[in-house]
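Here is the structure we will look at, set down as C-alpha cells.
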Amino acid sequence: MGSCQAGHYLHFCLAHHPPLVCATLILLLLGLSGLGLGGFLLTHRTDLRSPDIPQDWVSFLRSFGQLTLCPVNGTVTGKGRGSHIVGLLTTLNFGDGPDRNKTQTFQAQVQGSRMGLKGSFARELVLVTARVTTERTPGTCLYFSAIPEILPSSQPPIPCSEEGAGNATLSPRMSEECVGVWSHEGLVLTKLLTSEELTLCGSRLLVLGFFLILFCGLCCLTAACFHPRRESHWSRTRL
C-alpha cells in the first residue's frame, strides 16, 4: 500500500512538476556521489593531484618556450658560484630508448634574454638538468641552477633532492639524441594533496552529501504532505 502511494505521488509530481522532480533527482545523485567520494578519500590515502599550482612556477616554465635537452659527458659537478639549485618533479617523459637501462643526464643552458628577462638578468644563464633514472617512477626531476633573483620565489609544487644537479659540459654527440620539449606541453607541474587536505576535502564532501540528501528528503516530505488526497472508491460512489 505504501509503495503504491509513493508511486502515485511520484507519478503526480512527474505529471505536474517535471522540472522540480528532475532537480530533486539531480541533487539526490550529487548527494550520493559526495558521500561516496568523501568516504573514499577518508578511507583510502591515494595520491591525488592538486590544481593549486604556484603561478610563478607556471610563468617560469612557460618563459623557456621550446627547450632542447642534450645528453652530457661524464659526471655532473657542483653548482657554480652564486648559483642556487631548485629541483621539481614534472610530467616530462623521455620514453623507452636504448639507454633506458642506465641513468642518463640531459642538460640545456638558456640565456636570460631568451626567457624575456631585461637588464643585467638578460646576460645570466639558467642551467636546466634532467636526470632519467632506471627506476619506474612517474615523471622526471628537473633541476634549475641560476642566481636566486631569476628562480621563482615560492617553493616547488613537488621538490626533488639536489642530488644530480649542477654543471657539466654538453656532449658532442649527434643532435638526434637531444630531446626537444615545449614548456607549455611537456613540462606540466604536478602537486599531490597532503593527508590534511585529503581529510578536509573528504569531510566537506560528506557534509555536503548529507545536506543534499536531507534537503531532498524534506522536499519529498513536503510534496507528500501538500499533495491532494486521492478520493476513495466509496466517496466517488456516494457522489
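Cβ atoms are placed via backbone N, Cα and C, with glycine included.
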Position flagged as N-linked glycosylation site [Swiss-Prot], chosen from ASN73, ASN101: ASN101
Mean of the pLDDT scores, which run from 0 to 100, over the topological domain 'Extracellular' (39-205): 73
